[in-house]
Structures are given as C-alpha cells and as structure tokens.
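**Student:** I have a structure I would like to understand better, so I am pasting it below and will then ask my questions one at a time.
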Amino acid sequence: MENQVLTPHVYWAQRHRELYLRVELSDVQNPAISITENVLHFKAQGHGAKGDNVYEFHLEFLDLVKPEEEERLNKLRLESEGSPETLASLRKGYLFMYNLVQFLGFSWIFVNLTVRFFILGKESFYDTFHSVADMMYFCQMLAVVETINAAIGVTKSPVMPSLIQLLGRNFILFIIFGTMEEMQNKAVVFFVFYLWSIIEIFRYPFYMLACLDMDWKVLTWLRYTVWIPTYPLGCLAEAVSVIQSIPVFNETGRFSFTLPYPVKIKVRFSFFLQIYLIMLFLGLYINFRHLYKQRRRRYGQKKKKVH
C-alpha cells in the first residue's frame, strides 16, 4: 500500500518583482527545495496539520523561472519554532513597545509644559521640575534599555552616542537637578526638559514605524532635521544649568571631600563640574557628527553631472 502524500499549508504573497511563500511546518528536517523550469518542488520532514510526517508539494508558475533566479530560493522560508522569522517578530514587537512607551512619556512632558506655558506664561518656568520630574525620571531610567540594546546587538545603533546621551542627561537630571533643591526652581529646567522632549517626540515614532517597515516621509524628514537646532540648544541649556549649579555646590559643600593625610586638600565638586563642561561639548561634537552622518546617508547630496 502506497504512503499517502501529505501537503502542507502554503501561504502566498507577491510584490512587483518578488514572490514570497510560507510553508506552515515546524521542526523541519532535511528540506529539499528545487526549481525545474516553471515548477517549484518541495519535500521535507516536519510537524504540520497531520502531525510529524513527510510533507511534499509541487507549485507550477505561470512562466519559466530564469536560471539566476534559482539562487533566490531563500525567499521561501520555513516557519518553525525558534526560527529567525519568529525571533525577528519578537524583536520588532519588543522595540515597538519600548519606543511607544517612550513616545507617550515624552509627549506627556511636551504637552504638559506647552499647556502650562500658555496658561501661566513665564511663571510656569519656575515650577517645571515639580510638575514633570517624575515622568522625566521614568523616561530617563528606561532609556538605559536603549544603550543595552545597542550594546548586545538588538539594534544597529552605535553604543557610544547612545551612552553619551544617557550619561549626560542622567547627570543633569539626577545630580544637578535631583540632588539640589535650589536648582529645581530655576527657569533653565524648563528649557532643558522642553528641548529634550522636542527631540524625542519625533525620534521615537520614527523608530515605531520602522518596526512596522513603514516610512512616513514627513516624520522621517523631521526626525533627521529637528535635531539640527534643538540638539545644540539642549546642550547649551545643560551647560547653563551646570554653570548655575557651581556656586550652589560651593555654598553647600555637597559632594566635596578632603584628601587624606598628608595631603589634606579639599576638593570641591565644582572642580568636576568644570571638567564636565568640557566633556559636555566634546560629547556634543561626537553626537552631532553621528547625527550628521545619519542625515547625510538619508538625504545625501546628488552627485553633480560632469559635462
């Protein structure tokens, strides 16, 4: 008695110049795939609708397959547990949710600061920290994930620019503003938080759409353009906050210390703040250069025709 030939479920999708087939099998072993003229031959051992068996099918195309196209058989992908496609879907879902949460957080900060400014005017500057600090703490602590993603290869972003931004912002937020109540009522807090949020409300939705393989041209242009004025202004606002904090740290003596005997020299924390100012503008150069390269790759100048 001849064995019954089992046919798996096959899903078809087609673009202008590409054809995609998905074979619904898991735990696939020894797949044999070939093309003869206009017929695709498939045979493999795997788990399908009829359990663990050998599944086979032949698919006839409307036209002959060009010989060079046979090299593109990788377009036929086998769905199995732990397959690269499954892992890629999980990765995209994880990144989409991360960017969505960050987008909602920074959008809340941006809208809150904007509404308060139109209602209270300049008076809203001096209560910015107490109004949105909790949300900013949350967003900046969550931003650690972004640097980890770059470090372990979940995203293709370089680690250094992400790390510089993470450490720089968290230093301003947690040390300059968070530990000194005298700094929390200054107007510079408004400008630092507002400029940070402007950058992120365009960056995170751009990454969200990228997870869905979508490209909205207006958003893409904003993502690669808004940083040009806002990034240097944000860095300038951070520098102003550091400069304003130096006399405060000198008066309070916070984080200052005395070297042990026989040196016995008092080292003020303001000394490290002055060093930080130099590092701040060095970091600005590194990140600005990185962002400029990204924009140039996206909107590179067309080569001039040589007559």
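Note: Cβ is positioned from N, Cα and C throughout, glycine not excepted.
According to TrEMBL, the feature domain 'CS' maps to 5-112. TrEMBL lists 95-115, 162-180, 186-206, 269-288 with the feature transmembrane segment.
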**Student:** Out of 162-180, 186-206, 269-288, which stretch touches the transmembrane segment (95-115) the most, going by CB pairs under 8 Å?
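**Tutor:** Per the Cβ under 8 Å count, 186-206.
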**Student:** Within the domain 'CS' (5-112) only, compute the mean pLDDT.
**Tutor:** 79
